[in-house]
Amino acid sequence: MGAQDHATPPPNRLVDHHEEPQSPPQSGMSIIIKCTIAVALGIFVYLLPTPENLSPEGHRLLALLVTILVLWTTEALPIGVTALCVGGGMIAFDIVGRNDAWTPYANPAVMFVLMIIMFGVILNEVGLARRLMYHLLKFAGTNVKKLSFILAVGCTLTATVLHDATVTVIMVFAFVPVFMAMGMKPGSGHKLPKFFLMLIPMAASAGGFGTMIGGGRNPLALEVLYRYTEETTGVGKVIGFMEYLIIQMPISIFTAVATWAVVYFLFRPEEKELKGIELDDPGPMSRAELGVSIVFVLTFVLWFLGDFTGWHVSVAACIAMVGFCGPGWVSFKTICDKFPWESWIVFGAGVSLGMAMLQTGAGQFLAESLLPMLEGKSSFTIFYGLGLFGSFLSSLMSNSAAVALTLPITLPMADMLNMSPVAVALLAPVTTSFIMLVIGCPPTIIAYSSGYFTQIDFIKVAVPWCLILLLVSVAAALLYWPLIGIH
């Protein structure tokens, strides 16, 4: 990078910036009260009689889960500390073994998120984020309503073919310098950056189900459906790439618009324009920008070829890191210095919790306890109930794990209720896209790492967003799918 890349930018110019998320200051008494409530609720759950269909380990896990969720949502402790308490707590209370508690913190999905967030740091360092923002503002303008609408639809539709985490990291690291140039620093409470940086991950997450390559939950749901129909009818139901696209892509358009509408209504910023931003032409690409861009393109190609190579997405991301750092386009030390480690540890803790719910049977217990409540209800109520349960689980574990847990239970239930197992299976990857907690998926963790919003800020928007998008997606499925033969 040349000297001009390190020069101090003038006021109101886009600057590179990154900070760890900071919780608002709390008094000692406030921390004690929140921690006491969290522990008391956990003890209360632990003292309840253990149901016959729940293992003792699963019971203890649910008690720990209640405590952890309260600590996370209230931010009584730094979220990274609470995340570490997940692994330590599961060992201390003999819920799972040491390896089962800590290994998920570095499982393939978590390591993929590690490298994807590093991609964002790299985009900022070489200037690609600033260049992307220049072209976006040139196309969409600086009107907040117009820009946010184009951004939401663009993130959703792009996430149907790219990983939602990739879309999020590109856009988040493009927008952060804009808000810094406007004098809006992380933790300062400004509504405008909160609005945009919560809109981006929600819009990206709302599009991951649109095509078969949009996320791992999509082919997983089809695989479970195939095996179930093969066992029950002797002929497995096969849904190909184009058929899946025709079934799901139109719904993603509705979820894109609905996401923008919900977030704009609930968190509408006071500013009508992004003011004080100079849109100077960034000029020709530097050598570092060009090199990083080429590596990005090749990485996307490797992701698309994943079915042929058999490689996990983290393998291509690892190769990309070699391509970024090997030629010296960006220093790995710089990446590590600017990496939001706390947010990444939180995601690892969420994966560890999800795997423990599968291992101890706690997730299956919740499904077997709650889903029978839907018997005898209307088709809309059943679909909505199934979707809400899938969304709840997806907020605590990966959406793929939520699909793997729920479909073996809901597909037989669909047959019992004279509903289409195909429709139930296809709805699962849609509804598990809508999460209510920051830990629910990589995009929200990436956006949270910017430091501009708290967990409480996110929950205030995410819960209504989830409920409304479940309504939109279920209604769209019930109205659209019968027209194309999905009953």
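In case you wondered, yes, glycine gets a Cβ from its N, Cα and C as well.
Remember, it's a predicted structure, so these values are computed and weren't measured experimentally.
Listed features, source TrEMBL:
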type	residues	note
REGION	1-26	region 'Disordered'
TRANSMEM	31-49	transmembrane segment
TRANSMEM	61-93	transmembrane segment
TRANSMEM	105-124	transmembrane segment
TRANSMEM	136-159	transmembrane segment
TRANSMEM	165-183	transmembrane segment
TRANSMEM	195-215	transmembrane segment
TRANSMEM	245-267	transmembrane segment
TRANSMEM	288-305	transmembrane segment
TRANSMEM	311-332	transmembrane segment
TRANSMEM	344-362	transmembrane segment
TRANSMEM	382-410	transmembrane segment
TRANSMEM	458-481	transmembrane segment
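Only residues 6 or more beyond the boundaries of the transmembrane segment (31-49), in the same chain, are considered here, and those with a CB under 8 A from a CB of the stretch are 59-60, 62-64, 66-68, 70-71, 74, 76-77. Counting Cβ pairs closer than 8 Å to the transmembrane segment (245-267), the top stretch among 105-124, 288-305, 344-362, 458-481 is 458-481.
Distant neighbours of the transmembrane segment (311-332): 1, 108-109, 111-112, 115-116, 118-119, 121-122, 125-126, 163, 287-288, 291-292, 295-296, 298-299, 302-303; these residues of the same chain sit at least 6 beyond its ends, with a Cβ under 8 Å from one of its Cβ atoms. Residues 53-55, 57-59, 61-62, 65, 68, 72, 79-80, 82-84, 86-87, 90, 95-96, 100-102, 104-107, 109-110, 113-114, 117, 393, 396-398, 401-402, 404-405, 438-440, 442, 445, 449 of the same chain lie 6 or more positions beyond the ends of the transmembrane segment (344-362) yet place their CB under 8 Å from a CB of it.
Among residues of the same chain six or more beyond the transmembrane segment (136-159), those with a C-beta under 8 A of the stretch's C-beta atoms are 167-168, 171, 174, 178, 192, 195-196, 199-200, 203-208, 210, 214, 252-253, 255-257, 259-260, 263-264, 269, 271-275, 277, 279. Sequence-distant contacts of the transmembrane segment (61-93) (same chain, at least 6 residues past either end, Cβ-Cβ under 8 Å): 21, 23, 26, 30-31, 34-35, 37-39, 41-43, 45-46, 54, 100-102, 105, 341-343, 345-346, 348-349, 352-353, 356-357, 360, 362, 396, 437-439, 454-456, 459.
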